[in-house]
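Working notes, beginning with the structure itself.
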Amino acid sequence: MPKISHSALRRTFRELLATPTCVETASVFDPMSARIAADLGFEVGILGGSVASLQVLAAPDFALITLSEFVEQATRIGRVAQLPFIADADHGYGNALNVMRTVEELERAGVAALTIEDTLLPAQFGRKSTDLISIEEGIGKVRAALEARVDPELSIIARTNAGVLPTEAVIERTLAYQKAGADGICMVGVADFEHLEQIAENLTVPLMLVTYGNPKLNDAKRLASLGVRVVVAGHGAYFAAIKATYDSLRAQRQLTHSTDNLSATELTHTYTLPENYVAWAEEFMDVKE
């Protein structure tokens, strides 16, 4: 299998963003899954922050994974990847200066693009887990990310949560990040096409949506017409791998267990112990849901 340079994969991703089509990402979480995704013809993969936390820490998505741990996993994928892949870089692991370090490390790891979100992470004492940083801080992070990259083909995508703010505020944020120079805008929490149309109306950069399979947004042609080029429907491949591992090991031990009929998502919940983290956050941090 011929090797493809990281810069070439980044150009491929930019070419994808320039087309009038919308594609769905493959969830890639290790070198094998990246090779499988490329062999099956996926145009782009994504290393999700939540999936990396599960893979590295067996922990839920509470911003517990460190930059070095995330970069190590991205590097393993980048070493063999035959398709461009996006790194979900969460909040950039700190302030704007931390964002610069994040970009430097992930660029060396071989990612084609990375998302930097404006969620207030990690969760702060006495704050809601969905709180966002100010627009000004978000702009600073976008500008810092652009300054830090060496390869101009690396795409910097600004991410925000469209589900926790009034539509007018979402429009203000996305336009601000576009003006700051982001190569694309990623959104989670878009409710339906009417919501998307309102936000996308004045945006000219390519859009990326995290839909988690929302049936109200299940129309690739319509998404493409509104500027959406990449959709993350979820990380089904990873959860299927967890379920397959459980089923195989259970069969090997010839056991019947109370968790036998649980779905992949339920199994993940069982073994990551999220109730512990929720309780600790409430006890030690007074985090509001």
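Every residue number used here counts from 1 along the chain in the order it is shown.
Backbone N, Cα and C atoms are what each Cβ position is placed from, and that goes for glycine too.
Annotation source Swiss-Prot lists substrate binding site at S50, R159, H235, citing sequence analysis. DSSP gives R159 (substrate binding site) a strand state. Counting Cβ atoms from all protein chains shown, R159 (substrate binding site) has 25 others lying within 10 Å of its own Cβ.
In three-state terms derived from DSSP, D88 (Mg(2+) binding site) belongs to an extended strand segment. Annotation comment: Swiss-Prot describes D88 as Mg(2+) binding site, evidence class sequence analysis.
Within the group of binding-site residues (S50, H235), the Cβ with the highest number of other Cβ atoms inside 10 Å belongs to H235. D88 (Mg(2+) binding site) is surrounded by 24 other CB atoms, counting those within 10 A of its CB over all protein chains shown.
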